[in-house]
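Going by Swiss-Prot, these are the annotated features:
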BINDING   Met41, Ala190  substrate binding site
BINDING   Arg117, Ser163  ATP binding site
Amino acid sequence: MQSIYLSKIREQNPLIHNITNIVAANFSANGLLALGASPLMSANIEEMQEVPKISQALVINIGTLIGKDREAMLQAGKTANEVGIPVVLDPVGVGATSYRRETISQLLAEVKFALIRGNAGELAAIAGEAWQAKGVDAGQGEVDLKAVAEKVAQRYGCTVLISGVVDIVSDGTQTATVHNGTSLFPKVTASGCLLSAVCAAFLAVSEGNYFSATLEACVAYTIAGECAAQGLTTQVGQFQIRLLDELAALSPETIGQRGRINE
């Protein structure tokens with residue numbers, strides 16, 4: 001594929017507002033910096049009418065819901081909608097508890113999302129499909145994940161990215177699969193959360209072309225993972241650091257040469 005957006009991220013240094021979980025915050029912030037974006041990590045409800053107005057994209061991640069997080073997410077999402085910046089939803093573990101399900105239902109009802117990014121279990125839960133999730137992990141199921149992606153995209157008028165061994169990107173009318181990646185991704189906590197943040201950076205410079213921006217973000221991130229995993233087997237600590245290095249080193253040429261996509 002031809003890289004369109006990576007250079008724009010590095011030229012524009014978009015500010016990405018993250019309301020994310022306590023497990024992922026540091027990794028997501030450093031990953032955005034490595035990529036060329038600028039992270040802003042705030043979940044303070046008192047700031048949610050102001051921070052989205054100075055940001056170029058918003059990530060809402062429900063991984064560790066505490067205190068007034070839900071209210072802050074709703075306020076930030078509505079403010080982001082008002083000012084016209086893309087909002088990314090990461091519905092971490094949505095199928096695990098009733099509180100998470102209620103939170104996602106309310107967010108989807110009151111906030112317009114540009115992208116929903118999650119694993120198979122999370123997107124199956126949103127689609128109302130049977131799936132045996134394992135906490136915040138993907139779990140197992142037998143449903144057609146392409147159909148799930150298309151169903152959710154059509155229902156909410158957004159782009160959907162289902163992460164897995166093969167990643168699926170759909171906006172309800174066009175669907176693509178990405179075949180890059182590494183088996184070390186699931187061994188590092190918050191690697192999916194960082195992907196959501198990376199997607200937000202790509203969406204921030206896409207001028208509304210959310211499908212193509214999500215597709216390039218997914219390809220870029222999974223290629224960085226492949227490069228980081230070279231020569232490693234079980235060294236997940238090294239992989240985590242190398243992933244940041246590879247995001248910083250990633251070039252449009254590498255994306256064009258190494259991307260494996262079926263459309």
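In case you wondered, yes, glycine gets a Cβ from its N, Cα and C as well.
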What is the separation, in Å, between the Cα atoms of Arg117 (ATP binding site) and Met41 (substrate binding site)? 19
Which one is it: of the binding-site residues Met41, Ala190, which Cβ has the fewest other Cβ atoms within 10 Å in this structure? Met41
Provide, as an integer number of angstrom, the distance between the C-alpha atoms of Ala190 (substrate binding site) and Ser163 (ATP binding site). 13
Cβ contacts of Ser163 (ATP binding site) (under 8 Å, same chain, 6 or more positions away): Arg117, Gly118, Asn119, Gly192, Leu195, Cys218
Looking only at DSSP and grouping its letters into three states, which state does Ala190 (substrate binding site) belong to? coil
Using DSSP and collapsing to three states, where does Met41 (substrate binding site) fall: helix, strand or coil? strand
